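Novice: Pasting a structure below so you can have a look.
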């Protein structure tokens, strides 16, 4: 196909019904980029001979070196079928788990995807994770549950209980939920050899050849169907033993015969096949020594992969006009918010989403999924523009006129025509050179700083995006309700004239680009449903954002990433004077990568948090070569831990039961540890810690208990639901109108509560679920704060009580201080300042009797002051006594009337009482952890390894490494269906370092074995927080005592907290 012009692409963008936005998803090294090359070559952008070798969409140097995709990139392709022309916006995404965030950014702006599955390795973990995130089979599950109810009766004939899960689905149209060749949504391809086909292609051929209807062949070419050539009938069962299924007999054997003839160099058979298929084999391909060149030349004409894949995409995947109402509502509603609870002006935008209209009155809605950096020289406006024929003719004519005028001025004899022509050409050349030089020396646009410019990777969901149009940038915390309350209805003010609204800014669409892989082409306008690049948003968008011409639009739901940043390093410049360049470079890196996190610790260290070691290396390369352009020093990678507590041990280190004498020794050791606790802190034998605030007015008693592992897992899985509950509770406590909770959300909350009650059983957990006060850290973590004090009325299930007594109203704000202290304690534990996990803190006592006595005394003193003449007042109280603080601390009104503003009456030389409660609660939680058996939880890698039996022993040894304790191998079985042999599953602490020899070579973690081509690691992905490690030699004398073990590098936080990668495992 001939390379299409920019005008043709602009014309195709206007037909929204024929637009297909797709991305390619697959496990690492399953051939996504190779398949993309074959599709790109069909448009003439690259040569078909270079397809699979050039890897056009891998534009980064490190991508070419490692052989894996690290950045998702887009390209627009033209495809014509049956008189219809389609525009396919193709996005190639990475398959490595470290770059799964790039997959999330690509999926958000697509309407469908191509899933590539390797025929040898099958469905791998990355595909399972992606399909589990992208596709939901809730409809299928609900139908199966309803269908299974009448089928639950045992079958008396078989004598056993049989469940038919598919019986209820016979009359339902659920074909879109399945991947099957007979549905037309599966094609078989070999991108390396350039062929691909769907069974409809062969069904059309054999229907004419055999005389069987095409519809029958479409249903029988895939599956256990056999053909009787004499009767010309298709049978379900294999009547003649050893007969091959239709798919093998009619399709695969023909392809295998072609391969066999080419590999054996059977020229007569090759010529016969080429003649029978009506193909042409060039002389160059026929004489080539490499048989793959002949196979590619024949197959690319016989079964072109682009026709099979793009034809399936245009037939089966939806256009932007087919967006569902459910997807629109999910994009517009965050957390537990429902679509019905949105303002009417916001709900009216749903019709614009569904219509995808391009009228001038249609609101323009654009979603930016990420920001990516490009070289400023690659922008179209910075490239020298070639001259047209008209411009060349005009310049030639002007050069002739200037030369004639110069000759006339000197009054010299007229020059010959040849000399005039040569001189004119010389002048023209100089003029052209001057033009090219001036174009190259244009000042760079203000989209970026230095040599890097940032382009927004976006999609237009509604309206027409035009260059120079003013748009609103909606932050993730923006609420259209707050805007509509500030601005009256029917406003017609320009964007710049609106009053300031939080999380709302205005920007201009300075440049619009058509994304063509490595190239960018400038556009004046982009119609709805298209993927585009936007320049000039660097100062307004950090990572992702929503752009809209109407401020009534809510921000889209934030992107959810599968991989969590877990590998941290501290970076600093080798020359201290280059610190400003480092700060600026890390800021640009944070904007250019959707997953990386840039932190500045209290110690002043600059920390880089990445998803894995390959991701870390790429970020460091970008920092030194593109953004900061300085030499930097990098610390060793550090893996974060989680702190927790366990039950007292019942067995010793050799799994022998602890006897009576050993139990007594443990009790004495516990008492010795408790004796090291500072004075003023009371600890009973059961671990109840009692602390008093510095002014001695409040007493807190806290106990720490380990949560069951199932409860911790439930809390992690429902973190989003807990965050929604917290938002509702905060809105009620602030007096705002509570947002309506959807019925499904209420059902989820009830189900979540039921799960907790199911696992928190027994005497010590009685009534705990109803008394949960908060979750932590960050109010959505895997820790629980339980309030067991008398008169407790607030709960995460009911929210703050509306009708409370005057006494409870006075101290309501003090409860927030207790919760804040709990949040701080769970955010940084006492061992090495790592977050706490799987702990329940019980607040068993909260005594404020002295505070009440002081309040009564202050009231009595105030009444006496009103009676005693001026100048005869009592002396000021002693600092810290808290009994009488004089008139300078109190107000003219009792504190009961103004509890939020009564903080001044609760302030002494130690500061406000709320601050004292925060510090006291934090210390009480930390000491409650220290009196229990403490543990560190390390992140674990899970790696599935495919290997043949003869190399199984060789593959285990390099993977386990020197620390055999860190890996737990397990043999999974003797080669299942589609697998070459046994599989080994290994779990290794992530802090032990990467798989040997794996990530340094890019694609897979291959074992260091002479026969390494037979061994490949699949699905190396971190599993956070498993395998508790015992922290040895931890002193209970203080919250931050360093350990003598090498497992803890520093006692306090910062980038050095935790154990360095590749360090010896902790002693157990």
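Indices start at 1 and increase along the chain as displayed.
From the backbone N, Cα and C atoms, a Cβ is placed for every residue, glycine too.
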Novice: With TrEMBL as the source, identify the stretch among 796-852, 853-909 annotated region 'Disordered'.
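Specialist: When 796-852, 853-909 are checked in TrEMBL, region 'Disordered' belongs to 853-909.
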Novice: With TrEMBL as the source, identify the stretch among 314-353, 354-393, 394-433 annotated region 'Disordered'.
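Specialist: It is 394-433 that TrEMBL describes as region 'Disordered'.
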Novice: Restricting attention to the domain 'Tr-type G' (17-226), give the mean pLDDT.
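Specialist: When the pLDDT values over the domain 'Tr-type G' (17-226) are averaged, the result is 80.
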Novice: DSSP-wise, what's the residue breakdown of the compositional bias 'Basic and acidic residues' (394-406) into helix, strand and coil?
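Specialist: Helix, strand, coil within the compositional bias 'Basic and acidic residues' (394-406): 13 helix, 0 strand, 0 coil.
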